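Q: Attaching a single structure in structure tokens format; questions to follow.
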Amino acid sequence: MSGWADERGGEGDGRIYVGNLPTDVREKDLEDLFYKYGRIREIELKNRHGLVPFAFVRFEDPRDAEDAIYGRNGYDYGQCRLRVEFPRTYGGRGGWPRGGRNGPPTRRSDFRVLVSGNGCSPEL
């Protein structure tokens, strides 16, 4: 597991990240989107003015969280395509990444780009 979540948990606790939400989303809308996957324990909607809203939804059963990710990741919700995944965790002392908690997590992968050379065309 790599990426985003705080000391409150990750994959094993039934908590999921829901990103790319419409700006007018309400907690009730999230409940309507996810209730069919299992009993919801908590919904944390992060809807700061000027930023794209995101949320954390915690299910009673972690298996329900897996089902919700499978069923709703990439789901077209209005004009938005939802991003649903397990929260990412950062190693270290349980703290947040440098820069604070200013919005949803960035998308990361195991792939990296290596750039080499001096920017000039090779001589022929």
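Using the three backbone atoms N, Cα and C, a Cβ is placed for every residue, glycine included.
Pasting the feature list from TrEMBL:
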- 14-89: domain 'RRM' (DOMAIN)
- 93-112: region 'Disordered' (REGION)
- 93-102: compositional bias 'Gly residues' (COMPBIAS)
Q: Pop the mean pLDDT for the domain 'RRM' (14-89) in here, whole number is fine.
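A: The answer is 94, the mean pLDDT of the model over that range.
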Q: Within the domain 'RRM' (14-89), how many residues are helix, strand or coil going by DSSP?
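A: Its residues divide into 22 helix, 25 strand, 29 coil.
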